[in-house]
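Since the structure comes first, as structure tokens, the remarks are kept for the end.
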Amino acid sequence: MKIHYLLFAFLLVLLSPLAGVFSKTINNPVSCCMIGGICRYLCKGNILQNGSCGVTSLNCCKRK
């Protein structure tokens with residue numbers, strides 16, 4: 001039974017760096033541009049807000 005706990009702990013430590021790979025966090029202008037968005041203060045009309053551009057007042061906006 002101890003080997004199961006050891007294996008679980010090993011897998012947890014081994015796979016923990018991959019957690020950031022699956023989430024699409026947009027928090028800088030480069031990642032905003034990579035998804036086809038632009039940094040604006042307001043997202044109006046048929047444009048959706050996908051995240052922020054690093055500064056709290058700028059939003060990453062992308063068309064629907």
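Even glycines carry a Cβ here, placed using N, Cα and C.
If you look up Swiss-Prot, you'll see CYS32-CYS60 (among others) marked as disulfide bond, on the strength of similarity to another entry. Packing around CYS60 (disulfide bond) is summarised by its Cβ count: 25 other Cβ atoms lie within 10 angstroms of its Cβ, all protein chains included.
A sphere of 10 angstroms centred on the C-beta of CYS53 (disulfide bond) encloses 23 other C-beta atoms. Positions annotated as disulfide bond by Swiss-Prot: CYS39-CYS53 (among others).
Marked as disulfide bond by Swiss-Prot on the basis of similarity to another entry: CYS43-CYS61 (among others). The Cβ neighbour count for CYS61 (disulfide bond), using a 10 Å radius over every protein chain in view, is 21.
Taken from Swiss-Prot, the feature signal peptide covers 1-23.
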Cβ atoms near CYS32 (disulfide bond) (within 10 Å, other residues, all chains) = 24
Task = Sorry to bug you, but what's the C-alpha spacing from CYS32 (disulfide bond) to CYS53 (disulfide bond), rounded to the closest Å?
result = 7
Key: Count of other CB atoms lying within 10 Å of the CB belonging to CYS39 (disulfide bond)   = 17
